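Enquirer: As annotated in Swiss-Prot:
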ACT_SITE  His1263  active site, nucleophile
ACT_SITE  Lys1673  active site, for mRNA (nucleoside-2'-O-)-methyltransferase activity
ACT_SITE  Asp1779  active site, for mRNA (nucleoside-2'-O-)-methyltransferase activity
ACT_SITE  Lys1817  active site, for mRNA (nucleoside-2'-O-)-methyltransferase activity
ACT_SITE  Glu1848  active site, for mRNA (nucleoside-2'-O-)-methyltransferase activity
BINDING   Asp635, Asp745  Mg(2+) binding site
BINDING   Gly1696, Glu1697, Gly1698, Ala1699, Gly1700  substrate binding site
DOMAIN    628-811  domain 'RdRp catalytic'
DOMAIN    1662-1857  domain 'Mononegavirus-type SAM-dependent 2'-O-MTase'
REGION    902-1379  region 'GDP polyribonucleotidyltransferase'
Amino acid sequence: MDPLNEGVVNVYLTDSYLKGVISFSETNAIGSCLLGKHYLKKDNTSKVAIESPVVEHIRLRNAFQTRIKEKNLRVVEPVNMQSEVMRNSYTCELNLLKQLITRSKDISSLKLDMICDWLQLKSTSENPSVLKFVDVRCIPDWVSTWFSSWYNLNKLILEFRREEVACTGSIICKTIGSIMFIISSFGCVIKSNKSKRISFMTYNQVLTWKDVMLSRFNANLCVWISNSLNKNQEGLGLRSNLQGALVNKLYEIVDSMLSVCSNEGFTLVKEFEGFIMSEILKITEHAQFSTRFRNTLLNGLVDQLAKMRGLNRKRVSGTVLEGNQYPMYETTLATLGGALKTIRLLVNKNLDNAAELYYIFRIFGHPMVEEREAMDAVRLNNEITKILKLESLTELRGAFILRIIKGFVDTNKRWPKIKNLKVLSRRWIMYFKAKSYPSQLELSSQDFLELAGVQFEQEFAIPERTNLEMVLNDKAISPPKNLIWSVFPKNYLPTNIRERFTEEMFNSSEKLKTRRVLEYYLKDNKFDQNDLKKYVVRQEYLGDKEHVVSLTGKERELSVGRMFAMQPGKQRQVQILAEKLLADNIVPFFPETLTKYGDLELQRIMEIKSELSSVKSRRNDSYNNYIARASIVTDLSKFNQAFRYETSSVCADVVDELHGTQSLFCWLHLTVPLTTMICTYRHAPPETEGVYDIDKIKEQSGLYRFHMGGIEGWCQKLWTMEAVSLLDVVSVKNRVQLTSLLNGDNQSIDVSKPVRLSQGVDEVKADYSLAVKMLKEIRNAYKDIGHKLKEGETYISRDLQFMSKVIQSEGVMHPSPIKKILRVGPWINTILDDIKTSAESIGSLCQELEFRGESLLVSLILRNFWLYELWMHESKSHPLAGKQLYRQLSKTLAITQKFFGITKETDVVNLWMNVPMQFGGGDPVVLYRSFYRRTPDFLTEAVSHMSVLLKVYGKAKEGSKKDFFKALLSVDKNKRATLTTLMRDPQAVGSERQARVTSEINRAAVTSVLSLSPNQLFCDSAIHYSRNEEEVGLIAQNITPVYPHGLRVLYESLPFHKAEKVVNMISGTKSITNLLQRTSAINGEDIDRAVSMMLENLGLLSRILSVCQDDITLPTKANGDLICCQVSRTLRERSWDNMEIVGVTSPSIVTCMNIVYSSSSQLKGITIEKFSTDKTTRGQRGPKSPWVGSSTQEKKLVPVYNRQILSKQQKEQLEAIGKLRWVYKGTQGLRRLLDKICIGSLGISYKNVKPLLPRFMSVNFLHRLSVSSRPMEFPASVPAYRTTNYHFDTSPVNQTLSERFGNEDINLVFQNAISCGISVMSVVEQLTGRSPKQLVMIPQLEEIDIMPPPVFLGKFDYKLVEKISSDQHIFSPDKLDLVTLGKMLMPSTSGAKSDQFWNRKENFFHGNNLVESLSAALACHWCGILTEQCNENNIFRREWGDGFVTDHAFIDFKTFVGVFKTKLLCGWGSRGGDIKDRDMIDESIDKLIRVDNSFWRMFSKVILEPKVRKRVMLFDVKILSLVGYAGFKNWFIDHLRSSDLCEVPWVVNADSEIVEVSAVKIYLQLLRVSSPLRITVLNYSDMAHAITRLIRRKSMHDNVPSISRTLSPAELAPVVEPTVQMNLFPKITFERLKNYETVSGSTRGKLTRNYMVMLPWQHINRFNFVFSSTGCKISVKACIGRLIQDLNPTVFYFVGEGAGNWMARTACEYPNAKFVYRSLKDDLDHHFPLEFQRVLGNMNRVIDGGEGLSMDTTDATQKTHWDLIHRICKDALLITLCDAEFKDRDDFFKMVTLWRKHVLSCRICTTYGTDLYLFAKYHAKEQSIKLPYFVRSIATYVMQGSKLSGSECYVLLTLGHHNNLPCHGEVQSSKLKLAVCNDFSIPRKVEVKAVEANCKSLLSGLRTPINRAELDRQKKMLTLRSYHSSVATVGGSRVIESKWLSKKATTIIEWLEHILNSPKGELNYDFFEALENTYPNMVKLLDNLGSAELKKLIKVTGYMLMSKK
């Protein structure tokens, strides 16, 4: 903050007020002043600095002249010294470093023992610890030298800080090694005695160098530790394996490069990022993707190199530096080459290394940013002539308008109001009336042009009054135009300007002098809340002469041409208003903009996105088109500056219409060109020539006018939304699917499009050409609206996600943890900050090394290294309180030593460093934090930590462990503990500090600042901070028990803002130190308070240990362990003083779970299993969705009133009042209290508010939030990293817990269980080198202690409410007026339809039809999902079923299906045609079959959950035998066909209008009833939840009604006689080849006849089977029956079996055999024996169907497949049958080799010697091939039923001397012989159901028998169908259904007619050939049908030919 009052106006503010920036002009000013000559550049700054320097610089000059007398020193710029400063270490601190690492290892080993004890990993005696791999004796010098450098410089800076605390503005002078430093906070001098050079710089430059040394030390230390660990045991260290010596070499090369290239050298460093990116692309992508990018990049580097020298010479001309040498081009090129080579060696083709190196450029220091030059670059960019294309702008506007329409339809179920409907065509008016919009596929660019003409009416209002939300925007503001000179030091200004300024300053009001938004209001005594609205409505902002724009550099920005614009307060508030309106009203319609997501959400989105675009999940659609995908990451050059009024206004005008304003959203474009832009860097004043008015000063570098473009920080949101709309246009024009995430100019775009792969185009080429084409399209689209893509930062890839510096490839994230710990070090915040905060920061930053299973050990060692350094070394040198801190620490350690009876001091320290900070120890990271990130109860966690620690700590005396807990429980009641409501989110990173004290300091600061405010508003509000909590306490003081949360709820429902936020706004940043410097609010007293706070913290442990009462009994378990949960509860209750209080204590997973490594599924615990079979799981993706139970969300039910009307504050206020009503339900006086609060905060009575409140909250709610208030002694907090929150509805553990806790919500215990389990797996894997297959976490019941919510007694004192809410007026949310309320709740009478049905509505749910309502709501919910899925295939695919499992457990299945069917027909009903027509109904149901399978997966997942299954089996027992979604789909569709229509509830909106109008019309036709329309006000999902809640309350128990009917065995498994089923299979014909030719050219016995057939005729006799029909071409009994007789196996092993048809045939041939089944689990294929189940009725003969196995374990080419083959069945593999389709020949041999390995090594199989057989499918190749070693082929079978043109045969293999497989010619000739000689035989029996299923799947609605009439009916249907233009998803790609259907259907019908008309013939290839030759449309047939459809077609053809008479 820059105070402007005259007394201190010349306060020296260093450039460090822009964090981390090294200012060029300041450096120039310092040097020029000290030398008396121009230093870095000859410009106005150096001139002014020489003529009239500022006082501080003069003081520095005097010091400099007295200290340094030498004359012949060479002057250089700071960067030239970098290399020398970095290498300057005169003392070697190696011993200190060794000592620190050794101690760190000792401390870590104790923590490691704790972890191993908890995880039950016993270490053997000869292997003491993995920590021994880090050997202190051989620390490499690339680690130690950086430590020494940092240590010395840090010591110097600390010394300077101590001086400065004592006496502000001191200067210190000291020599380190060969360099002499003169340091002061306003400038430094460095002189090298070695090279005789001298340089001048800002204090920030020295700090930057210190930080760089620290970063390099941290990085190198990490690399060394990690490599030492990995070398000895892979997986102990980090994933990346950088080489330390090389990293060091890189530092040195770059330092020396910068040292010769000066400041200009940083332009090269900036390009390193791109170079590393090109390395990354080289690893992850195919060549064509990466080379283009790499070449662009290298060209860019060379260009930069060529320019450097010229730039430098130009800059230094006329300065001291002019004579210095500048290296030639070749020298620099060589150095640069060296640096790039080193980077390349470091990356070493490893993606983790590359990701890690991405942090690299922050380790090289920072350039000086030249402010004026940056500003000139901005000016240049704005003057570029733009050529815009009108058509493109119009399309852009149309797309933007469409987005808004979609947004309104989705949120408000209506279009926005439109002024000029007549511009729309009939088609759009139809959408308008139907309240819907077309899907992406139906749009064309014409639509956008048409929509661009639409004008909206006002929909949103501008807030009437300014409220604090608007004000609390921490944006700096510029001084107004006449005070602009306050920015520069007065000495720099000419006298006349100085005098005039003093006068202006004196006359202007206080508020104009400030530079912070908040103070702008605080100091305004005429402030009126209605002013802003007037200012905006009258459009005064457009002609405001006072407007000025001052530009400042962005913090830490490397490039030139990015500046940050500031405006005066008055204009700034208009901008804040515009941004706020956008964020609230328009941004929600653009989900792609990332501005609205938090980090965790963002990370989740990225995970989903990279998952979707992973190369592994590519697939073809139903047309067999390959879906090409690519991702494009673009960066637009000068994004903000490229916008002009023309490009902003196309969309801004639309937003203006919606808000009823004029030019509010692009007003800056209208005013800025007329204002002056000025560079307001303190040390860069303009040349004034004595002119005061800046509008009259002539243009120069750093001051210009007529700025045309946009500027950073203007309307980022609007521009991002324009970019989204532009991509919409591109997507529609090119017919591709675009998924984008945008953040301003940074865009990550995924494109996908189905393409045909033709000759010579493989998948990579298809992806590449799509990427390049789309990149061009995007580039051109941007070009048309005046933007240019940056070449070096735009890249295309197949499968690399890159957003905000996080790299994900193949769906795996590369976290680069070293980047996160570069800044770890002592005093990580600031001087005054608590040592405790510093420790917390070290703790949480080092934890980054553990996330995602990186490395526990590296994190431990690094963390303890710095913590030990901080506590034991740095604490002595604390500038304010070093001695006191150290004394206090020694005292604490002495007491600890005595208490535990420890002999050695080092052991005491080891113990203390592992005691959690909550108890006054030195460990900020409690044990649980390495395993889960959030906890409901910190106290229990700390107790658990102590209990584990004392258990493993062997150095303490007997009994001291118990004594410790007794001491803990005998702590005095805390006299000062009051109910403090913490000001911060309890989950924030870093500690709460002492909650009480912090809020005291904050309150003191805020109150004093606020109460000084002359503005009445703020004055009154200030009282709130001093009194509010006490007052709120009084309202509820008579209510017992006091529930800590109750107070908080009260506190939130009264209109308060949190003090913390205001403090930050005033002081500008969170640190107390800044409060000290920048506000007068804190004085010496506060400093003392802060110091005593630190001392209190350090003495906490000694206070705990000082009292120990022996008579306390500790709660213990049977085995003597402590029950931590109870200890913590007792402690919590005792530490409150004189209040009856309910402390909610939750168990800690560390103590309440026993970890067992076992694979027994009977254990009653939570099972975590490994999801891959590799030895380690590092860097692998886990399962895509959690695999235990379903996730639960807090669901609040809010009526569907028009929420758009409410402001954000009003919504929050309603929620808070809802909470209050919920918590205190039934307490006396509650109604009156609520009434007063409602009137005070919302302005309407409770009665009116009631309908708006959320309907319910879960029991969880109290528990969840109660922990946010806790006693003063125990503040703590953890970073939220991953929260998982599961219901264990279905696991056995649920029973155990329900028995104990009843219906109480036990979620709390488990919200971290999964997260913890996964981390445990990862840690066990790191420590032992292999990860357990499975672990079970078994809850220990006595450790789990859950309290019921309390019952409150007593009554409220509501008299205070009025006072509190009137004190708070500025903070109160907007009032609601009755008109608004009426709009929201009253049904509107307008537009009453004449139709009788519309007027008669009644509620669907009337109190007695609970189950029916639930079933109906759920059915409608699923139908809704269907329509959503068909409309937009969006990236953020939701897991729709989640959270609905419990609801389904209560449904009436009959009603469910009926409503589902009815709703479906209404949603998809006919356009034209009679809806009651049977065909129409069939048509809709058949459409359902074609819906994308992801819907069926979700649906089946929910319905097949055990508890839902139990319920549905009351209606249909068959559900018990269903497995997998395919079977479920058929079963469900059968039910739909036969069910009746039912009444459907329809949702109405706030105006009580029906939402789905068109659907209701069809519904009324359908039912033709006179009963009224049944409606519901809630949306379907909310309704379902609410009713489930009611049902549960009614029956008050969770369990689902038990089965009332007993099942007969026949019902569960209908008896099917296998021998009868045998008749469904045709007889097979085959030829056995015994001794075949091995010469490939053999022509022996070739037949001359060659059939030319195109269709797969081999399926002609397979019409009895639906999913697969292998059993029709091959039979075990026919082929190898004799062998089977000899072997007599009891079990057949089928692998690679698909739908199990061959297995079904074998089951019919051998009725007594059992089966083991395996089939590759692939998303697109069957991995369940559906066909087997269909033929044989049930599955009880399949012993092991492979349930629950992962994909790898079902793949016969993977070793694990064979390892797990005996997991259930323990019989030998006597005969294994393999029908797998292998991609290539190698896979076949892989499978054979693995089979051989298995049968030769397996215990079970080896007992049979070599008598084991494998009967497998093989595709013969051109030449004959040898089998793998020791595998022999006995016979080959060629089947008549194989594809004629293929080379498929079946080979029988056994163990023995290896021989050859048959070759292609051999098999081919045998096939032709079979084809010529044999007819296909027909099965004896026809199964009508199967034939019908085949017909239906070929052509929906096709019925048997197929005759002339049936085909005519189908043709008639086609004409009806063509009205449908909806979009379906077919095989993953979206098509317009009507076109797709008519093409396919007409083709099929024509062929069937041809078959009808053809004669009956023998089924052989002669006849088939004749059929094909007589059919004219063969080409069309083959083009329009995919291979699967052709097979179905032939099956149906076979059935027709067979049934001919």
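Backbone N, Cα and C define each Cβ position, glycine as well.
The shown structure was predicted, so the numbers you read here are calculated from the model rather than taken from an experiment.
I'd like to know what surrounds each of these features in this structure.
Expert: In the three-state DSSP reading, Lys1673 (active site, for mRNA (nucleoside-2'-O-)-methyltransferase activity) counts as coil. Cβ neighbours within 10 Å of Lys1673 (active site, for mRNA (nucleoside-2'-O-)-methyltransferase activity), excluding its own Cβ and spanning all shown chains: 25.
Taken residue by residue with DSSP, Asp1779 (active site, for mRNA (nucleoside-2'-O-)-methyltransferase activity) is part of neither helix nor strand, so it is coil. For Asp1779 (active site, for mRNA (nucleoside-2'-O-)-methyltransferase activity), the same-chain residues lying six or more positions away in sequence with a CB closer than 8 A to its CB are Thr1670, Phe1694, Gly1696, Glu1697, Gly1698, Trp1702, Ala1816, Lys1817.
Under the three-state DSSP scheme, Lys1817 (active site, for mRNA (nucleoside-2'-O-)-methyltransferase activity) falls in the strand class.
Spatially close to Glu1848 (active site, for mRNA (nucleoside-2'-O-)-methyltransferase activity) yet at least six residues away along the chain are Lys1817, Tyr1818, His1819, Ala1820, Met1839, Ser1842, Val1867, judged by Cβ distances under 8 angstroms.
Sequence-distant neighbours of Asp635 (Mg(2+) binding site): residues of the same chain at least 6 apart with a C-beta under 8 Å from its C-beta are Asp745, Asn746, Gln747, Leu789, Lys790, Glu793, Thr794.
Mean pLDDT for the domain 'Mononegavirus-type SAM-dependent 2'-O-MTase' (1662-1857) in this predicted model: 88.
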Enquirer: From the Cα of Lys1673 (active site, for mRNA (nucleoside-2'-O-)-methyltransferase activity) across to the Cα of Gly1700 (substrate binding site), what is the distance in angstrom?
Expert: 13
Enquirer: If you draw a 10 Å sphere on the Cβ of Lys1817 (active site, for mRNA (nucleoside-2'-O-)-methyltransferase activity), how many other Cβ atoms land inside?
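Expert: Taking every protein chain into account, the count is 21.
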Enquirer: How big is the Cα-to-Cα gap, in Å, between Lys1673 (active site, for mRNA (nucleoside-2'-O-)-methyltransferase activity) and Ala1699 (substrate binding site)?
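Expert: Pair distance, Cα basis, whole Å: 15 Å.
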Enquirer: Can you count the other CB atoms that lie within 10 A of the CB of Asp745 (Mg(2+) binding site)?
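Expert: 21, counting other Cβ atoms within 10 Å of Asp745 (Mg(2+) binding site).
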Enquirer: Other than its own, how many Cβ atoms are within 10 Å of the Cβ belonging to Glu1697 (substrate binding site)?
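Expert: Taking every protein chain into account, the count is 29.
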Enquirer: Measure the Cβ-based neighbour count of Ala1699 (substrate binding site), defined as the other Cβ atoms within 10 Å of its Cβ.
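Expert: Looking across every protein chain shown, the total is 25.
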Enquirer: Which has the fewest other Cβ atoms within 10 Å: Gly1698, Gly1700, the binding-site residues listed?
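Expert: Across Gly1698, Gly1700, these binding-site residues, the one with fewest Cβ atoms within 10 Å is Gly1698.
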Enquirer: According to DSSP, collapsed to three classes, what secondary structure does Glu1697 (substrate binding site) have?
Expert: coil
